[in-house]
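Colleague: TrEMBL lists these features:
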DOMAIN    90-283  domain 'Peptidase M28'
DOMAIN    345-553  domain 'Endoplasmic reticulum metallopeptidase 1/1-A TM'
DOMAIN    570-797  domain 'Endoplasmic reticulum metallopeptidase 1-like C-terminal'
TRANSMEM  312-334  transmembrane segment
TRANSMEM  346-366  transmembrane segment
TRANSMEM  378-399  transmembrane segment
TRANSMEM  411-434  transmembrane segment
TRANSMEM  440-456  transmembrane segment
TRANSMEM  468-487  transmembrane segment
TRANSMEM  507-533  transmembrane segment
TRANSMEM  540-561  transmembrane segment
Amino acid sequence: MVKDEPANPGRFIAERAKNHVVNLTSLGPRPTGSFENEVLAVNFLSKEINYIISKAKKVHRIVLDVQKTSGSFPLKFLDGMTNVYRNVQNVVVRISGVEESAHSLLINCHFDTVTDSPGGSDDGASCAVMLEMLRVLSQADAALRHNVIMLFNGAEENLLQASHGFITQHRWASEVRAFINLEACGAGGREILFQAGPEHPWLMQAYAETVPYPLASSLAQEVFESGIIPGDTDFRIFRDFGHISGLDFAWSTNGYVYHTRLDNAAQIPLGTLQRTGDNILALTLKLASTDQLVDSSQSGKIVFFDVIGAFIVYWSEFVGNLLSLAVLAFSLYTLNANVNKSVSEVCSWVLSLLTSGLTAFTLSMLNRSMSWFARPVWIFFLYVIPSFLVPIFVTLLAARKQRLVIKSPWTLFRLYCDANQILYTTMTLICLLFRIRSGFVPAMWLFFSCIGSVLRERIFAHWKDWRILGLYVGCLVLPYIECAYMINGSLQLIIPIMGRSGSGNHAEIVLGMISSAMFTLLLSFLVPGILLVQIPKRVVSFLSAIFFIAILVLILTPLGFPYSSDPAAPAPQRHMILHVERTFHDVNGEVEEQRSGLWVVNLDVNSPRSVSSLVPEMARAQLIHDDCQRRLYCGLPYIIPVQTFIWQTHWITGPSPIISIPTELSLLHREVRPQNIHRLTFEAVGPDHMTVLVSPREGSELVAWSVDASQPLAGPRWKGRNTYFVYYSCASDPEPWRFWIDFKVEPSRGQDSLVDVALCGHFIHGAHQMSVRLRRFLAQFPPWTVTSGWTATYKSYIF
């Protein structure tokens, strides 16, 4: 607390940070280009930083710079896109000694938000943490050895634009040697280190040695890099365009409020700010004083994880491979099991996954999906119990014949324990061969299983009673606790994501299969214990009864309703709805078709059915299908390239919105150049957020453009043709956007049309964002929902 500051010099004060969050979120939503973002937020940050500068001790030199930057770059994110930005802003501050170092540590947050969200956790809280850190650093008696640059960037939600502008154009960018990125996909809880590197294991060493409350996982990094989780951070920009290494942190608890109007200051506990502040401040002081910031050593990728939040374990990928090989050799030395028994274990795992998949499919068909969304306890009844029950049942069936030969249940128990070890061995080998860094999970189970085997066979071979069970459980309790800890964190992250993963992606099946896979691994070491139970049918009957009773309760009662409007623990259903005007031009430039209405972007599997009885117009929403075959990007104004991810959407025909700023694409010039290159020069006018969609026709190939200097990045195919997605944003001082595109044309094409082009305009902030009709429509939604929407246009052309 602020009152405790005199007794705690040099300490991070969470109350100050919380006040910053309150003040920043009070400005309201801050999309790039809005008055709130470009003027009010920049003024707020500049004022706070100047106040800190005025109170700083004289051993420090603090310089504030407000950068306005323009540029472009390709981004291999989702379906792929080219990102073009004009006049986005960064508030940059550098603290150093009176004599500046030539080397700097960069710390980054962003102060812009998505439409309709005040951005308390994403990413206002991170900016508040950095402001308080700057105050603490400015009051230190000794100057920092190396500079610390704090980047408050104003266009991250615009697909990482402002960070690109800083790292490629700012005068301080060349002195950055490492970075810390602060992000959020939830509000509250502990910040997780989920990306590290590339290379430079000294960064992880500094984190492990310094941070008082660690939470880190390279498993999370692999999942994030795989694209399973839809999102990206400025980490990518600093890594790919700045060619520097760093650490990426994010809050992941309470992802239900992420990117919604509920993401306010009240969602962020003081304890969260204090913990993050203590961690990042300690890490900053370490990195800003180390020799390795100047002369960093490189190595391979890093494997890292925390042990139940107590400390960090980390090693290089090469060392991890050696450890996996050693554990595999250890396993082969200790194994004496019959491989046939491991085959039955594999069958039980596969059947467990199939059972969970069938359960999820049945619930989807009965319109009982996502019961676990607001009440995660349903996962236990629907997927954890089958993950235990099915392997038990398969093990009992397989052991029936074996009991005729092996009379002792303890001997049979030992053989099935060895069968589990074979499975862990196989999984570790697969991870090693395919260079999967999260192979440390099965390797951990395998190592402790091998220890149990050595103790059992070499030291306690004469034991044939309950002591064998005690030894077995005792050896595997550590990997069990660590694995359960990681599963809990994974579910806290994954469950809210299912509420924004799109209706076509079957969240129930995805969550069911993920849960089954995780809990089958977690519970596998308990399964052989059924062979020691005198009347195992009672266990099977008990678990079966719980499972089927849970299914009946879910189907016949409202306890399985997925959503909650509880202010203390909100779990709302998300609805994104755009009021759209769609215009389609023929080859002569004449309007051949015009439509208008509400575009319902279904964000989860229950949309729009869940609200059709409460919002009358939703009952007549029509699934969009044929347009995706006929029209480029379904003839719809996608603001980011997510068609392959969010492909199942609905349409409600209605009156056209009032478009105050016309969106128009004009062909200014057509030139035939050498080697059959046709250059088309365009001018686009419209709101400050636009997208251009391009698809060359058969016989023509897009080979270059002025949009970006790099090779044009193609997206998903449409009608067997390439598509290209361009995102354009102008934060201030708008002017017509001119660009040219070069097409290499086959001579046999003659004068045929070369390309389909669509221009989409998005009014995501200000007075033009919401039409009267859209505002009235969204007002009808029940309190257990959160809505977001804006006005948009789609105009297609043939040139």
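Using the three backbone atoms N, Cα and C, a Cβ is placed for every residue, glycine included.
Please treat TrEMBL annotations as automatic predictions, because they have not gone through curation.
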Colleague: The transmembrane segment (440-456) vs the transmembrane segment (346-366): three or more C-beta pairs under 8 Å (separation of 6 or more)?
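Modeller: No, the stretches stay apart by this measure.
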Colleague: Count the Cβ pairs between the transmembrane segment (346-366) and the transmembrane segment (468-487) that lie under 8 angstroms and are 6 or more residues apart in sequence, then report whether there are at least 3.
Modeller: no
Colleague: Take the C-beta pairs under 8 A between the transmembrane segment (378-399) and each of 312-334, 468-487, 507-533. Which stretch has the highest count?
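Modeller: Stretch with the highest Cβ contact count: 507-533.
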Colleague: I need to check the long-range neighbours of the transmembrane segment (312-334): which residues 6 or more away from its ends have a CB within less than 8 Å of a CB in the stretch?
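Modeller: Distal contacts: 201, 204-205, 207-208, 211, 214, 216, 299-306, 421, 424-425, 428-429, 431-432, 435, 437, 439-440, 443, 446-447, 449-450, 453-454, 457.
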Colleague: Taking a Cβ cut-off under 8 Å, which residues six or more beyond the ends of the transmembrane segment (507-533) line up next to it in the same chain?
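Modeller: Hits for the transmembrane segment (507-533): 345, 348-349, 352-353, 355-357, 359-361, 363-364, 369-370, 372, 379, 382-384, 386-388, 391-392, 395-396, 399, 409-410, 412-413, 416-417, 419-420, 423, 441-442, 445, 449, 469, 472, 476, 480, 483-484, 487, 490-491, 494-495, 498-499, 501, 539, 604-605.
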